[in-house]
Amino acid sequence: MRGSFFSRLPPQLSLLLLLSLRRVWTQEDIGTAPSKSPVAPECPEACSCSLGGKANCSALALPAVPADLSWQVRSLLLDHNRVSALPPGAFANAGALLYLDLRENRLRSVHARAFWGLGVLQWLDLSSNQLETLPPGTFAPLRALSFLSLAGNRLALLEPSILGPLPLLRVLSLQDNSLSAIEAGLLNNLPALDVLRLHGNPWTCNCALRPLCTWLRKHPRPASETETLLCVSPRLQTLSLLTAFPDAAFKQCTQSLAARDLAVVYALGPVSFLASLAICLALGSVLTACGARRRRRRRTTVRHLLRRQLDPEGPPSLEDAGSPVTAAIQA
């Protein structure tokens with residue numbers, strides 16, 4: 001009877017062959033095992049996350065922005081919560097954010113450095129909050145921003161320094177605020193602006209409206225609703241179309257100082273006041289010294305006159321020329 005194939009081989013070769021076959025079988029088993037699904041990004045507590053870096057924290061009554069955000073989050077939904085303030089670096093741990101939704105919160109305060117680190121953010125929705133003012137430079141770090149909504153707040157003033165230069169911003173929503181005018185230069189920093197929403201604001205028909213009217217005539221496309229925008233005349237209490245005011249209607253308006261000029265005035269005002277005060281004090285001191293000197297001279301003159309009247313000194317008269325005293329003096 002012939003032996004098996006392994007019995008004919010040397011023991012060392014048989015062992016090597018068995019080990020090789022075992023390795024092949026193990027690799028086949030691993031290859032046929034079901035693959036695991038991709039792991040979702042790190043998710044903030046109480047939020048739900050999905051593939052693609054989306055973190056859904058909507059309607060959870062959150063009082064603040066979650067502190068455990070990660071760089072894996074690309075889209076953050078924080079709408080319909082109770083967030084009342086955005087501190088400095090509120091999203092510093094989520095520097096890869098592309099989409100940020102903060103609608104329907106209780107936002108009243110936004111720090112000037114709240115959005116620092118979000119250089120790639122493209123979409124920001126702050127609508128339906130309680131914002132009355134924003135500090136200068138709030139949106140300056142958001143150089144990639146293409147959509148910004150501030151609708152449904154209580155904003156009464158928007159300075160150019162608040163928005164800053166946003167070269168890629170295409171959509172700006174300012175409707176349903178308390179804006180009566182827009183300062184000159186605010187919209188000039190938005191070269192790519194394609195959609196501008198201005199409805200629902202109490203625009204006032206006065207000189208402060210001139211920058212907005214001028215800009216709307218030069219850029220009719222972004223504000224497609226221009227033909228229906230109305231302003232209120234304070235004196236006549238009538239409504240007028242913003243497009244009904246040409247440049248000639250603002251001839252009586254004096255050009256207001258720019259923000260840079262106002263800053264110079266504010267900076268030099270106290271300095272000039274102190275300089276004027278110092279000059280006045282110096283002149284007062286000089287006049288006081290001159291007056292005192294004149295009074296001293298006057299008192300000296302009066303004193304000499306009194307001495308002459310009480311003890312006159314002078315040459316002897318002709319009547320006393322023959323007296324012994326006079327002769328002795330002359331001798």
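Just so it is clear, glycine is given a Cβ too, placed from its N, Cα and C backbone atoms.
Looking at the candidates CYS47, CYS49, Swiss-Prot gives CYS47 as the cysteine bonded to CYS57 by a disulfide.
If you go by Swiss-Prot, CYS231 shares a disulfide bond with CYS205, out of CYS205, CYS207, CYS213, CYS253. When the candidates CYS253, CYS280 are compared with Swiss-Prot, only one is recorded as disulfide-bonded to CYS207, and it is CYS253. Of all ranges given (24-45, 68-89, 310-331), Swiss-Prot attaches the label region 'Disordered' to 310-331. For CYS47 (disulfide bond), the same-chain residues that are 6 or more apart in sequence and have a Cβ closer than 8 Å to its Cβ are ALA55, ASN56, CYS57, LEU60, PRO66. Following the DSSP three-state reduction, the secondary structure of CYS57 (disulfide bond) is coil. CYS231 (disulfide bond) has a Cβ environment of 23 other Cβ atoms inside 10 Å. Sequence-distant contacts of the repeat 'LRR 3' (120-141), counting only residues of its own chain at least 6 positions beyond either end whose CB sits under 8 Å from a CB of the stretch, comprise 79, 95-108, 110-112, 114, 147-159, 161-166, 173. Taken residue by residue with DSSP, CYS231 (disulfide bond) is part of a strand.
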